[in-house]
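Structure first, then comments.
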Amino acid sequence: MTTILTDLSSSLSCHAASKDSPTLPESSATDLGYYSTHGGTHSPHDYYQNQPYSQPISHYPYHQFNLNGLGGPGTYSPKSEYPYGGGYRQYGHYREPAMAVQEPVTVKEEPEPEVRMVNGKPKKIRKPRTIYSSYQLAALQRRFQKAQYLALPERAELAAQLGLTQTQVKIWFQNRRSKFKKLYKNGEVPGMEHSPDNSDSMACNSPASPTVWDNNTPSRVQHTQAQPLPHNSSPSYLEDYNPWYHHPQNLSGPHLQPPGTMHHTPPGTGAVY
């Protein structure tokens, strides 16, 4: 009896100890032989070398190795997982003809040489002259009478109104100023007979000099006295020609006197009534 009790107690103690401290089962000789044979004969390099990653089945080599064990290699295609892959591949096909079309355009846009050989001598090529319409010339001449120099905003506004470029307006004003200076030096400043509507692009319509106004002052003064202008139009007329109209009145001369003093002079002592 004592031997049976001791055997039962020893078996129970061994069973309780095994539950408290679980340990891995000891590897047998066959297990060691299994892992040693596979681990010794196959290296990681040999494993990856035997895989068919060099075959053109998929564009992504890591798709052929299923790490989760759900399927064999090559089960996922790049189009299902990356739908934009085809679009990027097709972009190269669209890009090649576009570049081929742009090549002749860049050749045509090259500027022509400014100097050409004519009879063995270099000759500079000039751009064609700009032909202004009568409306454009009239507007430019009216603006030149007001101011011979334009600021950048004024030049841009005038060019937009006339349908010209700012460079064309600037060159026109430069030519007009040079022509005016040349005529002024020669004493050939034209009068008001050159109206702004004149189509001659080289005519200078600057404000007239006081000497031109001296000849026309009596007729103009008599006309204003006989037929007075309306009240609304006379101030604007005098404001436009204020520096040119009032300046000759300060000069002395019988032709600058008012019509009343010029035609009704006081009689002398020996005058006959």
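For all residues, glycine too, the Cβ spot is worked out from N, Cα and C.
These come from Swiss-Prot:
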| type | residues | note |
| --- | --- | --- |
| DNA_BIND | 125-184 | DNA-binding region |
| COMPBIAS | 20-30 | compositional bias 'Polar residues' |
| COMPBIAS | 198-235 | compositional bias 'Polar residues' |
| COMPBIAS | 258-273 | compositional bias 'Low complexity' |
| REGION | 15-37 | region 'Disordered' |
| REGION | 188-235 | region 'Disordered' |
| REGION | 248-273 | region 'Disordered' |
Let me know the model's mean pLDDT on the DNA-binding region (125-184).
89
Could you tell me how many residues in the DNA-binding region (125-184) are helical, how many are strand and how many are coil under DSSP?
43 helix, 0 strand, 17 coil
